[in-house]
Each structure stands twice: as C-alpha cells, then as structure tokens.
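Okay, structure first, notes after.
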Amino acid sequence: MIIHQFSSQQELNEAGAGIIAALVQTKPDAVLGLATGSTPIGIYEELVKAYKKGRVSFKSVSTYNLDEYVGLPVDHPESYHSYMNQHLFSHIDAAPERIRIPNGNAADLKEECASYNRELEGVKQVDLQILGLGHNGHIGFNEPADSLQNGTHLVELDHKTREANARFFPSIDDVPTHALTMGVGTILKAKMLLLVVRGADKAEILHRALTGPITTQCPASLLQTHPNLVVLLDAEAGRLFQ
Ligand SMILES: N[C@@H]1[C@@H](O)[C@H](O)[C@@H](COP(=O)(O)O)O[C@@H]1O
C-alpha cells in the first residue's frame, strides 16, 4: 500500500488525475473503474482539463461504474448516470458504447446484475479502479455486513449511508433505499486501486480501514489485501497517520 498525503485539494486532484492520465497515455484502451460521490469530482475536473489541453484522449477507453441507485430516473440530477455526464463524460471524447453504468431501472434487476458481471468477466482486468470511502467503511455501496458479496448485486442502503447522501436530495425520504453495486470481489480484481479520501469526518474510518482488522464489518478494510493499493489523502483525512 502506498499512501500519499497532500496539503491542498488541488495537489491531490492533480496527482489523482495524473495517475489516470498516465495510464491512459501508455494504454489508450485502458479499462477504468469509476466512482461517484463528492470525493472524485476534483480529479475528474483535472482529467477534463488534461483532455482539453490535448494531453489525453479517452476515445478507446472502456469504463465501468461502481454503482447506481435503484429507481431514480436516468436523467434525475442525482442519478449516477447524470453525475458521470455532468462531471466527466459530456466533456471528454469517451465513446458512449464503451461506457457502462449499472441500470438501476432495469425491469429485472437480478438479470441486470448478472449481465454486468458477465461484461466485467469478459474484460480481462480493470486496469484502475477509483474508490471513495463511505463514513461506515463502505466501498461502492458494499455496506458493513456479516458477509460480503463477490459480484454485482442489489443492496439495501444503510440508514447512515442514506443520511450521508441526503444532502443531495430534498429530504432523506427522497434518497433511494436500494442500489446496485459491484461486489468487493470484483473491486479487488482490479490491477490497481486508487482510494481517494478527503475530510476530517473520514479520518477515523480511514485509519480503521487501513490499519485495523480485516473485517466485513468495514468493507474498505479488505483493501489491505490488495497488492497495488494507492491511497490519496488530504491532511484532514490523514490526521491519524501522522
Ligand atoms: N456510493 C458512493 C460511494 O461510491 C462513495 O465513495 C461514498 C462516499 O461519498 P462521498 O465521496 O460523497 O463522501 O458514498 C457514496 O454513497
């Protein structure tokens, strides 16, 4: 595990975007696993800048998103489809046919998960998976539990997760109760994991995830088992590592 701590958000964003851009420059048909949430927004902004300056092209890249809410219309402003268009896809040359986000409105959600799994199995390996961290230690939408699932599946969201995400909705009652998420097994198969964590409110859970026992009660703790985990932190999130 390599941990990089940054004193400014800008440096962190540039470092994150730099790692992704360098991968795509050397491997134009790279497979990227993408995350949503507030954490990666600045990194996506830097990637868009790099694209606009002609430093990187995404036209041959394939992308797989980690998760999506169940039951939000695709064009709902808080759907992860909308998020990805707003923060990344509408600004770069990514090929729509190589962009995949779980469909949380599929008539048959089980079949949607199965087909997402089949597609991911068809890809030899995700080259780089971006990850944020939930306040309860979740990754994607893999919530703390007695056991975790390997592949993409339907989850019921923890109250804590819905509370954390209520800031994006008129009220907590508007936050979806379920989501589709890649499983921890799928996440761990990526060649490289880029975990990005910001803010004092994540310091404790981050410290527990990276230095505490490996337990399904803290899904991010399983990242300790990955041979190529790179962690980008701001000073507030990294407070307990000093
Ligand atoms: N499903 C997403 C995760 O993929 C994200 O990493 C996490 C942290 O979100 P944020 O970056 O907004 O703190 O929670 C969300 O609910």
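Along the chain as shown, residues are numbered 1 onward.
Keep in mind that glycine also has a Cβ here, set from the backbone N, Cα and C atoms.
Nobody curates TrEMBL annotations by hand; they come from automatic prediction.
Residues annotated as domain 'Glucosamine/galactosamine-6-phosphate isomerase' in TrEMBL: 11-227. According to TrEMBL, the active site, proton acceptor annotation covers D67, H138. Under the heading active site, for ring-opening step, TrEMBL lists N136, E143.
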Filtering D67, N136, E143 (active-site residues) by proximity to ligand 1: which pass a Cβ cutoff of under 6 Å to any of its atoms? D67
Counting every protein chain present, what is the number of Cβ atoms, excluding its own, within 10 Å of the Cβ of D67 (active site, proton acceptor)? 22
Cα-Cα, N136 (active site, for ring-opening step) versus E143 (active site, for ring-opening step), nearest Å, comes out at 8
Round to a whole number and give the Cα-to-Cα distance in Å for the pair H138 (active site, proton acceptor) and D67 (active site, proton acceptor). 12
Give the distance between the Cα atoms of D67 (active site, proton acceptor) and E143 (active site, for ring-opening step), rounded to the nearest whole Å. 12
In terms of DSSP three-state secondary structure, what is the assignment for D67 (active site, proton acceptor)? strand
